[in-house]
Every structure is written in structure tokens, then in C-alpha cells.
């Protein structure tokens, strides 16, 4: 900070960094320098200054008294800081690497029953890019023993958590490189022995949480919906009761945010100044716990990079205070500083008390209504008749329970593929699990060998693959058909609709599908499929409500077994002349008491008005 020379002379002559080890009968500052020196592994008094990169942070004795401080102004010229060195200020620093177990204790902690526990830190390099739920479920699915991750968090690009026994750590070690991510890269898992995690050592007791809640209530202004937690650790009531609340500790920040969520989720303003915060990882959940927050004061802390703000950029802040953090020194001028902060908080109106120009908003707040989906598109009546006839035959066989009859529908060199949406959670627990192993979602699948293997070649392999898929019943009334390309030797069309599974674990589950066929003319004046792409997803609530509103008839090789020979002959003739299938032709004849002339007149009248559904022509 620009004013660092002054703050050093006023406060830092008493500064001491120390690990937060709780001992009975000792206050938080009664710690032996010699003991810490041995544990740090660096003898002598000339110990190198270093940030304690742990949850309890770099804690100064001066925190107990809120002395004067020169306010940092990012809009003025910054003096050179290089003249201020640690040895000029008579400060004593101790570095403790807590994830390295001290020789005399190993990675052991002590359980409540007095037995010894070995703790291990699990590190996943580049784990920050993975969703927590997906990552843990994938590790659990490959791990031979169940485990409970303690203190899962992200540290820079890494994901980390702790486990409390050697057998679990050994099982997790065996998972190393066994998991493929969505880009088909193997995930590394590193195991190190460790001291007990801070949430175990520094967990606030229930009675301490209640006291913290009481103190926060005293600091809350209901009329402004504002909570002032400035210099919380040095609060006189907390100090008097020997409750050490350090917001750099994950457990303390979690307890604070939980109190906010449970008691004042409508919070508009939060002051966290002068709490020596050097990272905001543990604050990320504030986006959900206080979604209405508009004003946030982080001044007088120790944030080094504006990237820390990425962890809370989901907040719709209008006012932010950052002065007094070293991150302000990293910008060459005022406009760069404002741009970097506004990139995270585009609705920001005030920064460090300065009014900002109104934000340029490109987002449209007003709700937009999507145009309604149109019906099928066939181009010509001849193509319509050809495609609907093909689909009627195809899905009658597909839903029959034996799909071997589809062999005649495919070309000898046909190919087929299936894809489903990417499943971030454990695929084995997804309702689409039966489709997952065959999914060729090229947006996520990068391995060319696997891409090729999941593409089914030749009609025998295609039909064998289709036979392995769950048995289905399609709602033909839901079909929307679009012809997208047509030449004299090729036809490309897609079908959208819904179906339900009729057996297995997902019986009666409703799915939506899109299927794209590329076909060539067949010898029987029909179509022969050369390419078949099937996309399956879970049906939406609207699709579920509309599905099977008119029950589709069960496919049968003899659709009119109860008719007399004369009626069957009339039915065949009417179906041929009208172009309708047997089911709808029979309905038309029955509605007109099997009077052929009246039925023909009714058909002509209804067709002219466009009141006959397309499904009536699917044969």
C-alpha cells in the first residue's frame, strides 16, 4: 500500500506470525517463539519473512487494538515501496508449513476418544476447473472404500481435501489417473501426510457460534440492512470471552456466512474491512447466502490480486471498497483499475467512495418471448407421403420389441451414432445411464480412437446396436418432421418427438429425441438409410404433459381382425385412394356408417380445411 511506511511504524514493530494451535489455559498470543522456530525447520533469528499460506492467515498482535491508519487512494500517484524491508522494522516472522507433518508428530491428530488419527491431504492438480459434485462423485465411484472429504476447497488451480486414515488414503492413491475428464484427460490425485485440517483444529464450538451470532446482531443495522464486521477479531466482547474469530480461517468464515444466511439473507451492505483477508475462496458462497448484497467493503485487507474478486463476482454489487489492499498498487492508472474491477461487477456505481460513470448495459432485462415452434416441413406432397410412410413402417418395427426387421431399412454401408447431453454428475446415477456408454458427444469427446469406435458401421452392426437400446413406445402424435435437403439421389430429414421406455430400470421414463436420417432411394420405391444420428435427452415438463395425450395404437400385423370381408375390401380401397393409413381410414368409414361416398366427401371437406392431422397419413 502507498501508506505502508506509516502503518509499519505504528503497528508492525509488534507483529508476529504464528500457527493457531489451541491449548487449554492459553490465550491466542501465548506462543513460544523457540518452539515455532524448531517446527518451521529454520534455526536462528534471521528467519526469512514469508506469508503463512493457511486459513488462519498472517495474524498481527496489533489486531487487538485498532490504531490509526492512513487511507489508501488508488487515484493518486503511488510512492515506491521497495525501501521498506522486513529487517528495517524489527519484526519477527515465523513460517509454518502445516501440510508437512512435524517429525515428532507425523500426520497424527487426536480424536475425541483420545485415539490417534493420521491425516492426509488429497490434491488434484488443476482441480479448480472441475465441478465439486462431479469430481467427488467420480473419485468415489473409482475408490474401493467409501470416504468423507473434509474441508474441500480450491487453492489456486488445485482442488484439495483431507481424509483421516491411512487405508482411505491408500485407496485414493490407487485412483490416480483412473478418471477421465470431459476432455478425455486423465486426472491426477496426489496424497501427502498432513497435520489435522483447520476446520478440525479451529472449529468454533456451538456456544462460541451463539456468542458470535449475538455479537453480529449488535453490529447489524436493521434500518439500513447493513452488517459491520470491521476488525471482527478485535471485537471487545469476543476478546473478553477468549473467542478467536479469524475470518481467514475457513471454519470462521463459514460460521459467519451461515449466520447471515439463516438470520439476515436480505442483507444489502457488508463491511469486512481490516480483517487481514488475503484470499476470498471461503467467501464464494456469499453469492447464494446473501444474493441481494449491493455494498461490500473490503478495504484495509491484504488482497494481492484482483483475481481474488473472481470468487465473488456473482454478486450484483453497486458499491465496492478496496483501498488499502496491495492489489491497488498493481494498476498503472485509474482507468485500468476501474476497468478491471468493473469487469467483475458490471453494475458497479461507486468504487472506493468515488462515483463511476454509468455502466454501459447491453443486457435486456425485459423478458423476451420466443416465437412458437412451427409444424413439420416437407416441401412437396410427394415427399410428405414418402417420408411419413417410411416413418410409420420404421417405428412400428422399432417399437415392436424385435428390431431385426430394420435390416431392410439400412444400406450395407450405413453408419449410426447416439449422443446424449453431457452429465456433470456421476453418470452411473443418471436416468440416462443406459445410454452413456454409447454416447458419441463430440463436443466433449476428444479422443479420435474412441470417436471412431462409437460410430457404428455396416447395417448388421447398426441394427445389433439398436437392439441393445432400451425397448420403447414412441408417441407418433408428437412427431415433427423437417426435410432439410433433397436431390434426385439423396434425402435428409429429421424427426423430433417423445417416447417412453417400456422395460428395465427406467420403465415408463419419458425421453425426448431428435433423429436425423440421410437416405437414398431403395429398390422398392422406398428409402434406404445411409446415415442415422440419434440424440436422446430427458423430456421437459411441458413435453411430459403433452405426451401420449392421444394413445397411439399398438402395432399389429392385422389391424382390423373384426371386420367383414366386404368391410376389409372397402377399407383397403379407401386407404389407397385417400392416402390415409388403415386406422384413420377405418375411423372415417365408421363415422359415416360405412357409406363410401359420404366418407369420401367428408374426407375431401376436412382435408381442404386442413383438419386432418399428419399422423393420419403415416403408413
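Using N, Cα and C of the backbone, Cβ positions are placed for all residues, glycine too.
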Q) Given 61-118, 235-292, which one carries Swiss-Prot's region 'Major non-specific RNA-binding' label? A) 61-118
Q | Listed as phosphoserine by Swiss-Prot, one of 9, 40, 45 | A | 9
(Q) Just to confirm my parser: what is the rounded mean pLDDT across the motif 'Nuclear export signal' (83-110)? (A) 41
Q) Looking only at residues six or more beyond either end of the repeat 'LRR 1' (266-291), which have a C-beta under 8 A from one in the stretch? A) 51, 55, 57-60, 63, 66, 69, 153-155, 224-233, 247-248, 250, 253-254, 257-258, 260, 297-304, 308-309, 311-312, 314-315, 321, 324
Q. DSSP helix, strand and coil counts for the repeat 'LRR 1' (266-291)?
A. 7 helix, 3 strand, 16 coil
Q) If you run through the domain 'RRM' (119-198) with DSSP, how many residues end up as helix, strand and coil? A) 23 helix, 25 strand, 32 coil
